[in-house]
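Per TrEMBL, the features are as follows:
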type	residues	note
TRANSMEM	A:25-49	transmembrane segment
TRANSMEM	A:61-86	transmembrane segment
TRANSMEM	A:98-122	transmembrane segment
TRANSMEM	A:143-162	transmembrane segment
TRANSMEM	A:190-211	transmembrane segment
TRANSMEM	A:218-237	transmembrane segment
TRANSMEM	A:332-353	transmembrane segment
TRANSMEM	A:359-376	transmembrane segment
TRANSMEM	A:458-478	transmembrane segment
TRANSMEM	A:508-527	transmembrane segment
TRANSMEM	A:547-567	transmembrane segment
TRANSMEM	A:579-600	transmembrane segment
Amino acid sequence: MGLILAQLLTGLANAGALFMVASGLSLIFGVTRIVNFAHGSFYMLGAYVGYSFMQVLPGAVGFWGAILLAGLAVGLIGALVEILVLRPVYSAPELFQLVATFGVILVVQDLALMIWGPTDLLGPRAPGLGSIVRIMGEPVPQYDLALIAITPFVALGLWYLITRTRVGVLVRAATQDREMVGALGVNQRWLFTGTFFLGCALAGLGGALQLPKGGADLLMDFTILAQVFVVVVIGGMGSLPGALLASILISVLNVFGVTFLPQSTLVLMYLVMVAVLMWRPFGLLGREEVAGELGQVGEPEEPIAPAGRAVQALTALGLAALASLPLWGGNFAIVLATDILIFCLFAASLHFLLGQGGLVSFGHAAFFGGGAYVAALSVKYADTPMELALLLAPLGAGIAAIAIGYVALRATGVYFAMLTLAFGQLLWSLVFQWGEVTGGDDGIVGVWPASWASGNGVFFYLAFTFSVGGILLLRHAAHAPFGYALRAARDAHARAEATGLATHRLQWAAFAFAGMLAGLAGGLFVFSKGSVFPNELEIARSFDALIVVFLGGVKTLSGGWVGGAVFKGLEDTLTRFEYWRLALGLTIIAVVILAPEGIVGGLRKLARRLGLVRAADAPARQKEPAE
Amino acid sequence: MHRKSFLTGLAACAGLALTGLPAIAQEGEPIKIGEINHYKRMAAFAEPYKKGIDMAVEEINEAGGVMGRPLEFVYRDDQGEPGEAIKIAEELMTREGTVMLTGSILSNVGLAIASLAGNREWVYLAAEPLADAVTWEQGNPWTFRLRASTYMQAAMLAEAAAETDATTYATIAPNYAYGKDAVAAFKEVLTELKPDVEFVAEQWPALFGIDAGAEVQAIERAKPDAIYNVTFGPDLAKFVREGNTRGLFEDREVYGLLSGEPEYMEPLGGEAPEGWTVTGYPWYDFEGDANAEFVTAYQERWDETPKIGSLVGYATAQSIAAALEKAGSTESDAIRQAFEGLEVATPAGEIVYREIDNQSTLGAWVGTTALEDGQGVMVDWDYKDGADYLPDDDAVRELRPSE
Amino acid sequence: MMTPILEARHLSRHFGAIRAVDDVSFALAPGELLAIIGPNGAGKSTCFNMLMGQLRPTHGTVHLDGTDITHWPTRRIWRAGVGRTFQITATYPSMRVIENVQMALLSHHGRAFSIIPRARGLYRDDAMVLLETVGMADQAGRHAAILAYGDLKRLELAIALAHDPKLLLMDEPTAGMAPRERTDLMRLVAGIVRDRGTAVLFTEHDMDVVFTHAHRIMVLNRGQLIAEGDADAIRADPRVQEVYLGGGTLAL
């Protein structure tokens, strides 16, 4: 009994910091509809800034003062980021802003390394709260009790702010209906900035408050991010009570998981997330998404058209030049080109899903890595020849996509994205933990191409054929009835259903199709590297593809592979320099601000302005009927 | 914090990256070595390691280089991703003109490079990765390893554990390959030495995602005589703090794999655990031997104290220079043959790269932790030669299926 | 009497305590042009959504040509020969005008999942004919996102006609249009009814349109059917007067 109580208290104490970070993310999403990938970075900054303040401020007053100051400072940094980085891109297609926040992650990582150095910092203990209290004979740290006491105050404070003040009314109104706030004559800009301040301050507070239970290190941004996403999604995006409930649920569950199922540490959280979303697709206390709320905003997409003669000729020329690479390029050029080609296919498959289907997946790496693992496992356990393994990879990934799509497509918009994330993480944690079969973190090595394809040059042609073929197939599918039907389902769901289109099945098919091609890319990847590790299934790999697609331009046909090629090339160049993360992050932010339509969209616009290509009909917003 | 030295180090790195090492009056082109690491993702480990290499290279080149040519390391960041490391390895070996590869701290990256090395027939010295698989299950003729592996270090602690009265053990290890290997090796060796031991709890926190309070409660609930800890980094800091707060370590033997290494001990400051039996690197205690010379030289060169990574980096460059001299050639196969049975005089003593499994016999220091001047240190330590903690040859042969 | 093309029996839809549609029954004969009128919130759109399978009735049934279609999904009802237009036009803004119609034809011919041919060239001529029917042929190549509202309404009609439906459901077909456009569009619809024998059920706010073109009129108020009959009967109905003008005369 005493033990159960003590464990419950541990769980509640952990829930405190988690709730603060999660509520900040939820608040920001609720008001601005931005999925802030950088939220973990603000949490990390909170820990570091809090640590620095604690070094100079003495005593208990200094300790608690440092925590408050850390929250304040991080809130200000957040507001600054909002003003400098996000404001210029609010008119871009929704979810595009997350690319900018991804850039912020990279920048913060390098800045933190520059300022605080590489060594982990151990957080100071809270003055006067360094020991334990015995409750029913079980030791409970005093600081845990302090956290348990503080959390309700923060929650109450938030509740008061949201429900009892004018600011709160506006925030709530914005969460419900953004157009209305604009109509009320409220300065939406400052409302957004204020929300960012508050959300980031909460993340900073969370980071500083956990110092006495751990410290500050450079990996904590990503460590917390996945967990916070899970909490926010389970609670319901935009719901503060939901965030509180989910924080407590996850934390308490974790504590009991540690005791009774110690092996389950990774899988448990994602299993719960999937289960909750299957039961309630909008989270425990989330509200149903208004149809089209997360659809395309900004300028309407232009009608697609098959490439003209000139473009076709240019493409053929480019492909011929690429195909002749082994004749004039060195070995490394071939290896790099193979890498880029494979990544381009992966990116293009996600781009198809996003661009044609309007389905934003946060877990596309499940199929890339999934395909890679299918190939590697079949080689490892059945000595499958490469040719067959390359067939099994897309097949396996396609089957996985059919299964995951079946569940994930029950939800729409951001919840769909979050479900794919949950499944991706679930798959990752399974592969990571099921070491007996998958080799766990040590991966599967020694998966080399068949002898005829073992030369880098031959393998390049193999990758060239499949990648270019796959990308052309995706492009053709966009021009085929299937692509049109997908865009129809995306553009006007009710209209599509009312003209006989099985929208759900179309999207499901697109999900499987994109998954298959990602799996093919994964299969090629294994044989090009000779090994595969769980990294290829990780959330970071999904984000890579997502960033690339947005950078390339969602509302274009070639955004996927162009973004992939540019990103990989840039990465290869920049990682040669000392502070490459800073440089890459700033580059991403610059592209986001300068070309909100992505690289391809931006170039198209530029070409039009220069009169190089003919403009289509001048686009304008669709008018609403005057009732 | 060593802000100043850190910045100087950075400046040095930048200088290196841009210009390469200034060749000191030798004839001929430099011999280049490809060094792939997670300089950003694991900066706290990679930086001392790199400084160790740099220092050794400076010394080697001042003494006339290798085969009369200067030695040069080409450093590249792989972001901690195996796939990137493979790409960089290809570039280093085919475009940069490096003659062999070394690097990586993470075992998975090390295994990926090892696999490539075996396939392409390039020599790879896995200096830091600890995974047993590097030289055993996934071992190949082209991959060599410098550091004492997980198995070896776990065996050293198991030996110490077998000498006590403790019979019930709890283990806590991060839930990934290294953690699992470390627990398996400890259990295997300890059970062999003392068959009546019993493992009453096995805790597997997520790597860098430990829920320390809950873990401590779970271990306490099992009431073990002793605890075997494999957590490290921020996980270790959280575990130690919760454990101290809740009195978990009182009257218990605790064995900590790597816990005595400065990389892990220093961040804990005054809260470093006392009385744990650990493997580590007691640089502060060396007197009058090669170890002490290295420590002094390192502090003079970099104006900071050495970490275990510094020693490993230093010995890496020494090993490579020795292999090249012995080979008398920069051909891959000649270097590979030179590494087999290669003897190198490192600060820690003479080591041998065993012909049977390409594992070096570099050992580790085993001691007890204590607090001195608000800093955790190892006392009553002993250097254990790696050669004594490897399975017998028949067992090793069975562990290397590829041969 | 011949089988009605559409028959609603005791159709009800409750949202909590609110009875959006309450026990509504009616029938529509082939070739009939039937209007549903009523003030805002009378339940017209809810009723429409139930007829087309987009909303499930709480009670009651819907029969199409004598077949119970109450629980059919929208696209099956469409396939059975029912087209519809929406109160707020629903077209595909990312496509050209003609592609909007081609899309409906592709669906009609069961080729939505095909990835073999390019869609551009498929059923172009059929689509042009439909566009001509609604007077949009000259705008076939334009981007649908930039059409004037009246043109969008006509485009939507062309889409709804693509599979030559026997029944057309039109939710406020003339909303948001200029008076001149309204007359044109309704004339067009009346012509379709005449030429093809298509039955049309439509809701409308513009009484001019309703009384000029509808063969028969139903009046909904607070979810209940309160009157039914031809234009004269409706004009004279005191309950209708009550609803619309609080007792005054319905100015026509």
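Cβ atoms here come from the backbone N, Cα and C positions, even for glycine.
Note: TrEMBL annotation is automatic and uncurated.
Source: prediction; values computed, not measured.
When each of A:25-49, A:190-211, A:332-353, A:458-478, A:579-600 is checked for Cβ pairs under 8 Å to the transmembrane segment (A:98-122), A:579-600 comes out on top.
Counting Cβ pairs under 8 Å that are 6 or more residues apart, the transmembrane segment (A:458-478) and the transmembrane segment (A:579-600) reach fewer than 3 and are not in contact.
Highest Cβ contact count with the transmembrane segment (A:218-237) among the listed stretches A:25-49, A:332-353, A:508-527, A:547-567, A:579-600 falls to A:25-49 (criterion: pairs under 8 Å). A contact between the transmembrane segment (A:332-353) and the transmembrane segment (A:25-49) is absent, since fewer than 3 of their C-beta pairs, 6 or more residues apart, lie under 8 Å. Scored on C-beta pairs under 8 angstroms, the neighbour of the transmembrane segment (A:579-600) with the top count among A:25-49, A:61-86, A:508-527 is A:61-86.
Counting only same-chain residues 6+ beyond the ends of the transmembrane segment (A:25-49), those with a CB under 8 A from a CB of the stretch are 69-71, 73-74, 77-78, 81, 86, 94-95, 97-98, 101-102, 104-105, 108-109, 112, 115-116, 121, 123, 171, 174-175, 178, 191-192, 195-196, 198-200, 202-208, 210-211, 215-216, 218, 220-225, 228-229, 232, 235-240, 242-243, 293-294, 414, 417, 543.
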